[in-house]
Amino acid sequence: MATVQRVVITPGEPAGIGPDLVVQLAQREWPVELVVCADARLLTDRAALLGLPLSLLPYSPNHPAKPQSAGTLTLLPTALRAPVTPGQLSVENGQYVVDTLARACDGCLQGEFAALITGPVHKGVINDAGVPFTGHTEFFEARSQAKKVVMMLATEELRVALATTHLPLRAVADAITPALLHEVIGILHHDLRTKFGLADPHILVCGLNPHAGEGGHMGTEEIDTIVPVLDDLRAQGMRLSGPLPADTLFQPKYLDHADAVLAMYHDQGLPVLKYQGFGRGVNITLGLPFIRTSVDHGTALELAGRGQADVGSFITALNLAIKMIVNTQ
């Protein structure tokens with residue numbers, strides 16, 4: 001990395017394992033400056049509970065970024081709304097979580113940070129606080145005024161993007177339109193090139209129906225919608241294979257020659273990836289005007305403050321963000 005960059009981290013739900021994981025991140029050196037948008041006492045109390053050293057450094061945006069030393073974090077202070085007990089949700093802190101996300105997102109939009117890495121949030125408690133919240137992806141899409149974003153999960157061996165995300169299964173078929181597929185595949189192809197450094201990415205596209213429709217005998221969405229879109233995009237120079245049956249696509253015969261898979265819906269592609277690499281996966285939001293990665297797990301309230309949380313996914317998310325920064329420079 002030619003110049004040291006700043007990345008911003010949001011720990012997520014304060015009563016969950018997010019603060020534990022951020023404190024664990026601080027136990028090693030990093031080639032970027034780690035700016036954590038959080039309450040200072042939350043971090044120091046959690047570090048004390050875990051028996052880990054932590055010094056919080058003041059955030060100085062007007063000074064050059066420095067690599068993060070082990071045992072330290074740079075603090076961008078955001079005040080809690082109520083005291084925190086690990087493992088116990090507080091509706092009062094639902095707004096605090098959103099405050100951290102908003103500040104981090106705005107900093108990325110203004111060029112203050114090169115990437116954003118998010119810890120796990122509890123959607124229920126945010127909504128109970130009176131803040132409509134579907135998830136990180138939708139929040140950043142709206143706040144950045146992005147035209148469209150795409151959710152992708154990745155491990156070292158596999159990348160799976162989704163044409164639709166958090167929809168009831170009965171609504172998926174109606175959502176798979178030519179316009180949607182053109183947009184999603186365009187974003188996926190663009191970001192694989194610009195953020196992942198792949199000059200000519202090869203994308204495998206799942207069918208919607210069992211056996212990819214079996215020639216129209218198990219549904220016609222492949223014939224009516226997916227195939228025409230893929231033909232059009234291939235004519236524009238994209239390397240696309242499909243539509244392929246999802247039950248046979250996830251094998252070396254196909255994956256060894258591909259850079260990403262596009263699944264039509266959430267539970268078509270993600271169970272395979274999470275079985276293959278749970279705890280090592282990263283959630284990436286494509287289509288944003290900045291780099292955003294996240295852990296692939298939840299708040300694990302029962303583990304908060306106990307020293308049992310696995311920091312692996314957070315480390316992977318941060319390392320991937322650093323690689324993406326390099327690819328975009």
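From the backbone N, Cα and C atoms, a Cβ is placed for every residue, glycine too.
Every protein chain considered, the tally of other Cβ atoms within 10 Å of the Cβ of ASN283 (substrate binding site) stands at 22. Sequence annotations record features per position, and here Swiss-Prot assigns substrate binding site to HIS136, THR137, LYS274, ASN283, ARG292.
Here Swiss-Prot flags HIS166, HIS211, HIS266 as divalent metal cation binding site, drawing on sequence analysis. Remark: HIS211 (divalent metal cation binding site) has MET218, PRO245, ASP247 as non-local neighbours, by Cβ distance under 8 Å and separation of at least 6 in sequence.
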Request  = List the residues of the same chain that sit at least 6 positions away from HIS136 (substrate binding site) in sequence and have their Cβ under 8 Å from its Cβ, in sequence order, or write 'none'.
outcome  = LEU101, THR118, VAL121, ASN283, THR285, ARG292, SER294
Key: Residue with minimal Cβ packing [other Cβ atoms within 10 Å] among the binding-site residues HIS166, HIS266, LYS274, ARG292   = HIS166
Message = DSSP secondary structure for HIS166 (divalent metal cation binding site), reduced to helix/strand/coil, please.
response = coil
Ask   = Which chain-mates of THR137 (substrate binding site) that are at least 6 residues away have a CB under 8 A from its CB, listed by sequence?
value = VAL149, MET151, THR165, THR285
Key: LYS274 (substrate binding site) versus HIS266 (divalent metal cation binding site) - Cα distance in angstrom   = 12
